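Novice: For reference, TrEMBL lists these features for the protein:
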- A:215: active site, proton donor (ACT_SITE)
- A:7, A:8, A:9, A:10, A:11, A:12: NADP(+) binding site (BINDING)
- A:116: NADPH binding site (BINDING)
- A:200: L-homoserine binding site (BINDING)
- A:150-328: domain 'Homoserine dehydrogenase catalytic' (DOMAIN)
- A:312-332: region 'Disordered' (REGION)
């Protein structure tokens, strides 16, 4: 497939670097201020493949802060099969990601999202755009990095899934894991996580539960729209529908008390077709939900097959790019 | 899809019972001595659907030991879209399951297998039959019950999976779990497992590692054929290629010694594109591989996305039927 990769952060760059290994070709890359579009000869190999040179894109981004000398709009207009939306997640109108995806759909092209905004905040609008298009959307990379949460729910079929819950934010999980292991308070561990690059300078998106809530909102939309016979009957969720509590107020003493009882605290998100909740919860210390560090876990409760647990790396460039390229493979 | 279900044990019966919920229709069911084939009117509903009555099939099997008054061959000749092969696993020539599947492929119909024999013992012959057919085969139910091992490897793409390992036999795992928890010897716990119906009267298929080895052979075939550019270059595995050691000789003392060191013993199977091994191994007591009782777990090692762990119910009628019906959904 010919890919246009919009967004050149860790995920976008990894998609550019790995696409060839998965048998795909990158024909355009854009960041917010620049782009490179294959001119029909650049990178042409003996097999006639024509694409941008992945190494050159990554080098230009590192050295000059741009991906190429073209205009970002040229990448959106390029002749691709699949648009990969890997710009940063934005809330509310979810722009510019939402427009990138709908422009692809209007041209009857597919879109694969790593950007949570459009699927969390405007799922109904997206479904309507898909209904009018020959293109499809996929968004495995928006939930749990390398963990195949969305496609596993799709394979089981959303109507046979009663709930999905789990640990969906590695930063919050790293902080809770370290607080429990070292007996330290939140502020100490946050500073350590920031030094290690695990937490951002402004950590609120992770520690207030927003990121985990967006993932649960996406899962709730998958369950709700997937189970409805008519999309018009499906309930659409946005972040505003989520009941969210973060980890800032979890005292070190709570973790010490929990440990005396063989338990610990994890930031657990849960989605059903009716509700979305994220909050710190007590879980057994050696239990399935008590994944360590930056690991994520998803538990899928099914009608006929019991509970499935899937754990793995919930973030990271290559991990998330692997989910993006798995989605591209499903579109073939 | 119209299904012909061949085999009326726990899995076949569950497929018959659940198919309607997944939007499919059972048009024929066979066990080894009888069959029922929809006659074009039986079970016809207001929507024009024509199929066999699932409740009547299950009741006849329970009460009279037959599924209907037709000949088994009539079910194989019925007008179905997908043949579900759910007869007992047989080794070597993997008959009669192998012929059931190839008869479907010769008619350009799909086949979904719950029977491990054909995919473990004759994968190359099956691939050749698929190459000559418009039908496809799927076999998620042959590995790990409800756990989506095969489809997750397919989505990651076999060329990007370096190894798959895990606990793939619930009976052996139940015995090891009980031996460790109660400090009992193998013979005591085996007798208990037989009383509970977790182990068969002749438990050798499970406790000697054969069942786990077949699952690993299937995974090795998926990895080997999936990564090969040309199927002719793929290495084909059968049970004879597996290095297998069971749990009969694991002494209770070994579990007690392991426990003193925070470890326990699990029957671990591992497949790569080059090797298949099954043997009791020491694992951390609270680690990911130390699933309890009849749970199974699969660990998938990937080139770009780290390690994925998937655990859940590895056996059971509805659980395995759910995997079969997921495969049917992927064929649509």
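The backbone N, Cα and C atoms fix where each Cβ goes, and this holds for glycine too.
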Novice: Within the domain 'Homoserine dehydrogenase catalytic' (A:150-328), what mean pLDDT does the predicted structure show?
Specialist: 96
Novice: Short question: which residues 6 or more past the ends of the region 'Disordered' (A:312-332) have a Cβ under 8 Å from it?
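Specialist: Same-chain contacts beyond the ends: 1, 3, 10-11, 13-15, 17-19, 22, 24, 81-82, 84, 86, 110, 112, 114, 136, 138-141, 144-148, 151, 167-170, 294-296.
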Novice: What whole-number Å value do you get for the CA-CA distance of residue A:9 (NADP(+) binding site) and the residue listed as 'L-homoserine binding site'?
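Specialist: It is 15 Å, counting Cα to Cα.
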Novice: Distance between residue A:11 (NADP(+) binding site) and residue A:116 (NADPH binding site) at the Cα atoms, whole Å?
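Specialist: Taking the Cα atoms only, residue A:11 (NADP(+) binding site) lies 13 Å from residue A:116 (NADPH binding site).
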Novice: Counting other Cβ atoms within 10 Å of each Cβ, which of the binding-site residues A:7, A:9, A:12 scores lowest?
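Specialist: Among the binding-site residues A:7, A:9, A:12, the lowest count of other Cβ atoms within 10 Å belongs to A:9.
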Novice: Cα-Cα, whole number of Å: residue A:215 (active site, proton donor) versus the residue listed as 'NADPH binding site'?
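Specialist: So the Cα of the residue listed as 'NADPH binding site' lies 7 Å away from that of residue A:215 (active site, proton donor).
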Novice: Using the alpha carbons only, what distance in Å do you get between residue A:200 (L-homoserine binding site) and residue A:8 (NADP(+) binding site) once rounded?
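Specialist: One finds 18 Å between the Cα atoms of these residues.
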Novice: Near the residue listed as 'active site, proton donor', how many other Cβ atoms are within 10 Å of its Cβ?
Specialist: 29
Novice: Determine which residues of this chain, when A:7, A:8, A:9, A:10, A:11, A:12 are set aside, have a Cβ within 8 Å of the centroid of the NADP(+) site's Cβ atoms, and list them as they appear in the sequence.
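Specialist: Along the chain, the qualifying residues are A:5, A:13, A:14, A:15, A:31, A:86, A:87, A:114, A:317.
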Novice: Sorted by position, what residues of the same chain at least six away from residue A:10 (NADP(+) binding site) have a C-beta under 8 A from it?
Specialist: A:316, A:317, A:320
Novice: Go through the binding-site residues A:7, A:8, A:12 and tell me which ones have a CA within 10 A of the CA of residue A:116 (NADPH binding site).
Specialist: none
Novice: Among the binding-site residues A:8, A:11, A:116, A:200, whose Cβ has the fewest other Cβ atoms within 10 Å?
Specialist: A:200
Novice: For residue A:9 (NADP(+) binding site), which of the three DSSP-derived states applies: helix, strand, or coil?
Specialist: coil
Novice: If you run the three-state DSSP split on the residue listed as 'NADPH binding site', which class comes out?
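Specialist: SS state of the residue listed as 'NADPH binding site' = helix.
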